Ligand SMILES: Nc1ncnc2c1ncn2[C@@H]1O[C@H](COP(=O)(O)OP(=O)(O)OP(=O)(O)O)[C@@H](O)[C@H]1O
Ligand SMILES: O=P(O)(O)OC[C@H]1O[C@](O)(CO)[C@@H](O)[C@@H]1O
Ligand SMILES: [Mg+2]
């Protein structure tokens with residue numbers, strides 16, 4: 001048996017730990033061989049693979065990024081795309097099954113290919129933590145840790161200058177990173193896509209914090225909209241899948257806050273720093289377990305399912321469960337955090 005592994009969509013700390021977990025379990029428990037597709041679905045469509053012997057995954061669980069590379073290639077496009085061409089390519093390469101590690105886009109593509117008869121098992125991945133049917137995704141804990149450390153630093157310089165600091169974190173559709181890093185760093189306002197808030201309300205929280213002698217700290221997710229905005233702020237065109245590139249809401253908010261409160265305000269965008277570098281121990285363990293479990297799913301022929309964290313157990317769920325809904329921040333989690341605002 002030969003299994004092909006791919007990593008697709010935005011990268012995420014822990015991808016390499018998944019690959020290592022899969023290869024080690026596959027070799028030690030099931031005596032299977034592995035290849036890696038280069039650059040996500042691009043490698044599947046082009047038949048571009050490398051061998052993944054045990055020596056190739058040695059020591060990689062602590063490495064950020066992905067040794068296989070990633071892309072936002074659509075496997076249904078191009079002269080070699082689509083299920084029939086991919087089936088022929090896999091046959092030519094002697095690959096019996098595919099493990100696709102990715103977010104909702106990658107898993108949606110995997111679902112369509114599985115529906116067309118291909119043998120694919122998924123591993124959920126996203127720093128945003130927005131995939132449903134799994135309690136956490138690996139990469140999220142690392143992103144929160146990085147964001148929290150950065151925000152702690154913004155805090156001390158803000159305090160020295162009696163400034164309001166605005167920290168912008170990732171989160172296209174959901175505010176999990178903002179919620180957790182904001183709560184961990186004691187933010188006076190946490191602004192998330194799920195909860196539009198007026199500029200006057202933000203200014204009120206900032207003023208309250210200043211009046212208590214604090215240097216106000218605002219954490220905002222890139223996908224946040226004020227009650228006056230119709231869509232998330234985007235000033236950098238579209239990504240390769242045609243979606244607006246987000247980022248810059250912090251710089252938009254800073255002068256508005258300054259104008260309303262009279263407090264000098266600075267914005268910092270953390271950006272891709274949140275996706276780089278070594279994964280936390282939590283993410284390494286979660287990713288390793290998911291990789292191992294994905295191989296077990298392949299051996300059980302569970303095509304069209306992904307492995308997922310449920311409590312402390314790794315379970316198997318259908319792609320559709322993960323894709324039906326985004327896992328947004330529930331109202332009660334926002335309300336709980338909001339007790340600390342101002
Ligand atoms: N419904 C779909 N059908 C076929 N291909 C899709 C579909 N949705 C997304 N894809 C392909 O899968 C690629 C990966 O999806 P996407 O860019 O959303 O990354 P992801 O896996 O969701 O990770 P993230 O969004 O967290 O970075 C997309 O660029 C696109 O080419
Ligand atoms: O710059 P890239 O790689 O297109 O990805 C940015 C997007 O990826 C994410 O980090 C994860 O989906 C989003 O929060 C962000 O909008
Ligand atoms: Mg996506």
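Using the three backbone atoms N, Cα and C, a Cβ is placed for every residue, glycine included.
Quantities reported herein were computed from a predicted structural model and do not represent experimental measurements.
Record features, source TrEMBL:
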type	residues	note
DOMAIN	2-297	domain 'Phosphofructokinase'
BINDING	10, 72, 73, 103, 104, 105, 106	ATP binding site
BINDING	104	Mg(2+) binding site
SITE	105	site 'Important for substrate specificity'
BINDING	126, 127, 128, 163, 170, 171, 172, 222, 266, 272, 273, 274, 275	substrate binding site
ACT_SITE	128	active site, proton acceptor
**Asked** Taking the Cα atoms as reference points, how far is residue 275 (substrate binding site) from residue 104 (ATP binding site) in Å?
**Response** 17
**Asked** Counting distance between Cα atoms, which of the binding-site residues 126, 128, 170, 266 is nearest residue 105 (ATP binding site)?
**Response** 126
**Request:** Compare the Cα of residue 106 (ATP binding site) against each of the binding-site residues 126, 170, 172, 273 and report the nearest.
**Result:** 126
**Overall pLDDT of the domain 'Phosphofructokinase' (2-297), taken as the mean** = 97
**Message:** Less than 6 Å between Cβ and the nearest atom of ligand 1 is the rule; apply it to the binding-site residues 72, 126, 170, 172, 266.
**Reply:** 72, 126
**Prompt:** Under 8 Å Cβ-Cβ from residue 266 (substrate binding site), six or more apart in the same chain: what's there?
**Reply:** 158, 163, 164, 165, 166, 254
**Request:** Sorry to bug you, but what's the C-alpha spacing from residue 126 (substrate binding site) to residue 10 (ATP binding site), rounded to the closest Å?
**Result:** 8
**Asked** Beyond 10, 72, 73, 103, 104, 105, 106, what residues of that chain have CB atoms within 8 A of the centre of the ATP site's CB atoms?
**Response** 8, 9, 40, 102, 109, 241
**Message:** In the three-state scheme derived from DSSP, which category covers residue 105 (ATP binding site)?
**Reply:** helix
